Every structure is written in C-alpha cells, then in structure tokens.
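Visitor: Below are the structure tokens for one structure; questions will follow.
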Amino acid sequence: MSNINKTKDRSIGFQFLVSFPTLLFLVNLFLTVFVRGTYQPKNRTIYILVLVLIWIGLLLATIRGKGKERSPYDICSAIYLFLLVWEIFARITLSWNQTLFPCIEDVCAVFITDWSDMLEGVFSSMKILLIGYGIALGFGNFLGLIVGYNERLSKDFIPISKVISSIPPIVYTPYLIALLPSFNSASISVMAFALFWPTFLGMITWVQNIESKILDSARTLNVGIFTMLFKIILPYTVPAIINSIRIRFSMSFMILIMAEMIGAQSGLGYYVKKFSDYIDFARVLAGIILIGLVITLANFLLGKLEKTAVKWEKV
C-alpha cells in the first residue's frame, strides 16, 4: 500500500513539474533575471519573490488536493500569462507608454519603499470601515427586527426604505464631507447610512419569512414581546445575518474607497487618488493591488467565520 502511495505521489510531483504554470513560471523568471530589455528597473527582487510565492502556493494547493483540483493550475496560468505580457510590453520591448504602464518590477518595488504609508492606509481604512459597518449592522438588524415583526410598521417603512436605499452613496458623499466637522465622521456617516438600509430591509425580509407555525406556537405560550423578538425570532435569523456579512463587507469597502478618494487625508483610497494626481502610476497600481489583496483576505477570513458559526449550512 505504501509503495502505491509513493508511486502516486511521484506521479503527482512529475505532473506538477511539467505543468503549464511551472513552464510559465520558468519563462517569467528567465525573462526577469537574464533579459535586459529596453528599460532597466532598479529593483527586481520583490517581483522575483512574487513569482516564487505564486509557484509555492500552487505547489501547496497541489499537495493538499493530491493533484485532483485543476482550478489552481488555471488560476496560476492566467496570472503568469498576464505578468508575462506585462513584462514583455512594459519593460523588454517598451511598446507601452512607460508613464501609463510602468513595468511590474517598479510596481512591486513600491511595496518596499512605501510599506509604512501603505500599512498606515490599511489601518486607517479598516478603522473607519469597522466603525461604520458596525453601526449599520447593529442598528439595521435591531430596527429591522422590530419593524419586521410589526405588520403596520413594515407597510410604513418598507416603501420609504426602498426609495432611500436606491440612492447611490456617491451622490450624498460630498455633501456629508462638507457638512460634518471631520472626514472620519463624514466617511463613517456615509458608510453607516449607505449600509443601514439594505441591512434594515434584509432583516425585515428574514423576520417575515419565519414560518408562521413557529410564531403561533410561541404565542400560545403567552411569551412577552422581548422574549419573542430576542429569544425566538433573532436566533432564527442569525444564520442569515452571518451569511450576509461578507457581501455587505465588500460593499462597505467599495463605499469607503470612494469616499476616501473624494476628501480624505489618509487611507487606501487617498493613497491611490494622491499618486494619480501626481501621475505616479506605479504607486497607483500598487495601491489598487493592495486594495484587492485586503478585500480578498477579508473575504477569506469572513468565509472561515461563516463556516465556523453556521456549521449546519454549506457556505
């Protein structure tokens, strides 16, 4: 049995070494290290490290999936092909405008030269995001619970909420920035206001979708309104609340970046807007990549939270 497993492992290892992503990795590495090209970047180390880390990530995914999963190969192939085209046209042949399309080595080097500014931007953005999202999540679910249980209040507030929630946040963001004393308070208000309404409406829908026999059974026991709301209805809606957190979090991040690009003095959106005004597109692209990485990491962690908190559902 052990000999069969060893043979299978060797077969998987050989397939990995001769796979298309590995070939693309070697081609990218060769071009970066040995081909001088028309433009010579000052620092290639970080880009080489990125290439190696992607390849190691594919290796770990192959070991974990025992070579059965093909999607990691497809994803890595797409990434390496994209980087290869970028390398050829932005550095080796210089076919692209160097100002608008800086080479990938210069973009990667920004993560070393500007790491402190980037880290400060991440913390600044996350602080505002968590406060604004926390306010929307708390008040939206609390008020939605009450309104959803009361039929009269539901008929009154649902039409109003649908109208207000349809207004894009970018419309009232400049006004709130001008109205409130600081950008932090304005951005928190924008996020809380924009996320409150979908959270509020979602909670109303979840409450109204509870099976009537559950509520009727509780009423026959003459439970009080507090028990009905917070010990019967709220626990029933918890899975839906948890499953919605990831979607709303991504939405809140987009709203925050938009607000920061309008009037902030710190944060990831401010970083991108600032260097866009300076026509420093290496830093602009680095900022965009950083935003994507932060959102991806946050979604990954929230996905783990969903699987842990709602174990009886497939997330």
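Placed from the backbone N, Cα and C atoms, the Cβ positions cover glycine too.
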Visitor: Which one of 73-92, 253-272 shows up in TrEMBL as transmembrane segment?
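Guide: Of 73-92, 253-272, TrEMBL gives transmembrane segment for 253-272.
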Visitor: Flag the pair the transmembrane segment (220-241) / the transmembrane segment (12-34) as in contact if three or more Cβ pairs fall under 8 Å (sequence separation 6 or more).
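Guide: Stretch pair does not touch.
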Visitor: Could you tell me what the rest of the chain brings near the transmembrane segment (12-34), counting residues at least six beyond its ends with Cβ under 8 Å?
Guide: 44, 47-48, 51, 54-55, 58-59, 62-63, 66-67, 73, 76-77, 80-81, 83-84, 87-88, 92, 105
